[in-house]
Amino acid sequence: MNEDLKVNLSGLPRDYLDAAAAENISAAVSSRVPAVEPEPELVVNPWDIVLCTSGTLISCENAIVVLIIFHNPSLRAPMFLLIGSLALADLLAGIGLITNFVFAYLLQSEATKLVTIGLIVASFSASVCSLLAITVDRYLSLYYALTYHSERTVTFTYVMLVMLWGTSICLGLLPVMGWNCLRDESTCSVVRPLTKNNAAILSVSFLFMFALMLQLYIQICKIVMRHAHQIALQHHFLATSHYVTTRKGVSTLAIILGTFAACWMPFTLYSLIADYTYPSIYTYATLLPATYNSIINPVIYAFRNQEIQKALCLICCGCIPSSLAQRARSPSDV
């Protein structure tokens, strides 16, 4: 039959029918082809960026201290061993914060979560324990001033280092070995995957160590005041000079202890009273100051030390400034 004789029973224009047929064919074809869903955009929490930045600063600062102490054979006294332990712990803490950011957004898995939280717990525990060990060492160096540099003191320092790192590693292994809340979210603390009980143990341990440090620093203040008074009498210093020296020593100790408490106390108390149901912004707001303590530690304990300052100057410019070479240690340098 001739095409011109075909009857259009629908009464619609032929162009419209051709277009409708094309749309039907296109719809049928597209229904057989699976739709490609767009990949979800990676949304990064600004708090995680701040924590990662903090971890980077921590790592850079403390890496310098570790390298100075490791490469300088003269820095092998008990005090420098403990400062090196503190710097190494803070260095690992900074690395833990960086790896936590990388694994959270690039390599998400249960294994990476457990390894990262284990590293962070172990390193921060070692950092706090090293601060306590430094406080003990300072107390012993003042209380047993005549016998402090004996072989017995070096042995005691190594025993403290083994104990504090052994305890810290054990605390870090607890989440990895199974004490976590990955299978039961109701037991989670403010920091997943730590359990509420695990966080409580860490918080109570911190409060106990803080109480010990407070007691030791009170005793150190008494010894410093007594030594400063004796030096003033021997050298016929004025009373105002004795007062200024004592005040500097007490102020230094107050700054050290106050900084430590201000950094760690908010997160410690929050971990005791809160759980996983609380908004995460509170966890970030209290955890971030705790990381600042690892940024401040090298300034307080390492870069203020004369010997480390000399070693750093030798590395950077190959000479020791006359102000460092001639500076005498005073009772306020505690």
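Glycine residues also receive a Cβ, built from the backbone N, Cα and C atoms like all the rest.
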### Message
Per the topological domains given in Swiss-Prot, are Val43 and Arg226 together on one face of the membrane?
### Response
no
### Query
Given pairs 6 or more apart, does the transmembrane segment (159-179) have at least three Cβ pairs under 8 Å with the transmembrane segment (253-273)?
no
### Long-range Cβ neighbours of the transmembrane segment (200-220) (under 8 Å; 6 or more residues past either end)
121, 125, 128-129, 131-132, 135-136, 138-139, 142-143, 171, 189, 194, 253, 256-257, 260-261, 264-265, 268-269, 271-272, 334
### Counts of helix, strand and coil residues, the topological domain 'Extracellular' (274-282), according to DSSP
3 helix, 0 strand, 6 coil
#### Entry: Residues in the topological domain 'Cytoplasmic' (135-158) grouped by DSSP into helix, strand and remaining coil
17 helix, 0 strand, 7 coil
